[in-house]
Amino acid sequence: MKYKDLRDFVGRLETIGELRRISQNVSPVLEMTELCDRVLRAGGPALLFESKAQHEFPVLGNLFGTPRRVALGMGVDAQAGEGDGAALESLRDVGRLLSALKEPEPPKGLKDAGKLFSLAKAVWDMAPKTVSAPPCQEIVWEGNDVDLARLPIQTCWPGDAGPLITWGLTVTKGPNKSRQNLGIYRQQLIGRNKLIMRWLAHRGGALDFREFALQNPGKPYPVAVVLGADPATILGAVTPVPDTLSEYQFAGLLRGGRTELAKCITPGVDGLQVPARAEIVLEGFIYPQEGAPSPAPAGAPPRPVKGASAAYEHALEGPYGDHTGYYNEQEWFPVFTVERITMRRDAIYHSTYTGKPPDEPAVLGVALNEVFVPLLQKQFSEITDFYLPPEGCSYRMAIVQMKKSYPGHAKRVMFGVWSFLRQFMYTKFIVVVDEDVNIRDWKEVIWAITTRIDPARDTVLVDRTPIDYLDFASPVAGLGSKMGLDATNKWPGETDREWGRPIVMDDAVKQRIDTLWNELGL
């Protein structure tokens, strides 16, 4: 189903009972987090906080708090009563689409050639279009009117350093690429018009910024942040879209209609384009540092001094409660100065929180897991299922089900998964099992681990590999080890012993008891 903007999606959710309006006064300082957390854990609806007692904008929370709403946002109209299972299964179709776009198979005949041409035409037809007089610029704040404190920016946890923008869709462009990058990076409020842009070094926005700083030393770097885009664009920014396809094009494919864009209006930022029907847009720059920077506080990490980007204004970010369930360390990141804020009339502020799973990122991880499966199966046909348990903080542990064909096969699959998608670069643990193990049932996975693994033979340790920057368990920030567990049945060459045969009841006996079951009244 097509959703032209966030309001359209909110209306649809309300119609099908997936959104609740909250008229009571709920503070964006801690209270919204507690309420959204309880509702998410209960599998409840999205929440629209409408009270203006403390702020002038309604706040939308828990938007993607169930896999069904993620599927709806991706254009899959999961029916009421089907549950999250049906929604997750439908998301594999999105994965098959991505798989075809990433590595299209050569046509086997005229019919296949026609399908390939139709897919290519669909992608071409989804090229975004620029519109004039966009709704996202109905209201413009400039000069001293630019005051981020007027937005209901959440403070999520008691130990947080301050208010935090959590669902900002950051738009950047590097000097060496024709396409824009869309990324979701948290942003700490530190002043009337200043935010800390927390993008990690490997993320697209940080790469664009470094390349710009190298080629344009001393020049301000333009940035736009979108708050409240349509669901297809938001989800396109967190999906492994092929490098040859822009997130705006992919959003158009999901939506079934071209993405309408608007040029930013701030001089110097007008080279960036944002969704024309976005609720709120922040426009501005990362400026070069003026004068000597103040010294780092006692006990804080040193300021960045290497690289062209170090010459730009930076500030100490955090600590903040994160998706790991812990407060992260403080670190230096660039400062984004907001020069203009544009918005729609009666704009909606879209927000979330992150914390110990389950949270909204964990739910997104469960949903995107289904998108990953066809991508992996296209590359590794022996993989029969794949699961990222939400308790593993979205991606830190993966369970792989496979059809094993030779000794050492499971280890090949481990290294294949680690190297296939950027998303799996930070997966610390991979457990590989056979087809007879339900990888979504921890009881079965633990049974396979404890009965099919010899720790010395079946454990793979890889040291000094890229690790999530937030993983404080690693000995060095961003660098740590990985573990693979081969919980498959062992083949000749992997063991000299007679391997155990699983106990299975005779089918005829099971059928006989099936017929007696109702009579027995058990």
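Just so you know, glycine gets a Cβ as well, placed from its N, Cα and C.
Taken straight from Swiss-Prot:
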- ASP322: active site, proton donor (ACT_SITE)
- ASN181, GLU247: Mn(2+) binding site (BINDING)
- ILE184, TYR185, ARG186, ARG198, TRP199, LEU200, ARG203, GLY204: prenylated FMN binding site (BINDING)
Where the distance is taken from Cα to Cα, which of the binding-site residues ARG198, ARG203, GLY204 turns out closest to ASN181 (Mn(2+) binding site)? GLY204
CB-centroid shell, 8 A cutoff, prenylated FMN site ILE184, TYR185, ARG186, ARG198, TRP199, LEU200, ARG203, GLY204, site residues removed: THR170, GLY183, MET197, GLY205, ALA206
Counting Cβ atoms within 10 Å of each candidate's own Cβ, which of the recorded positions GLU247, ASP322 comes out highest? GLU247
Longest CA-CA distance among ILE184, TYR185, ARG186, ARG198, TRP199, LEU200, ARG203, GLY204, per record bound to prenylated FMN, angstrom: 14
For LEU200 (prenylated FMN binding site) and the residue listed as 'active site, proton donor', the CA-to-CA distance in whole Å is 14
Could you tell me which three-state DSSP class ILE184 (prenylated FMN binding site) falls into? strand
Measuring CB to CB from TRP199 (prenylated FMN binding site), give everything in the same chain under 8 Å that is also at least six residues away in sequence. THR170, GLY183, TYR185, GLY205, ALA206, PHE209, PHE333, PRO334
Given the binding-site residues ILE184, LEU200, which one's Cβ is surrounded by the fewest other Cβ atoms within 10 Å? LEU200
Can you give me the same-chain residues 6 or more apart in sequence from ARG186 (prenylated FMN binding site) with a CB-CB distance under 8 Å? LEU164, ILE165, THR166, GLY168, ARG198, TYR320
Expressed in Å to no decimal places, the gap between the Cα atoms of ILE184 (prenylated FMN binding site) and GLU247 (Mn(2+) binding site) is 12
Tell me, by DSSP, whether TRP199 (prenylated FMN binding site) is helix, strand or coil? coil
Residue pair GLY204 (prenylated FMN binding site), ASP322 (active site, proton donor) - Cα distance, angstrom, rounded: 20
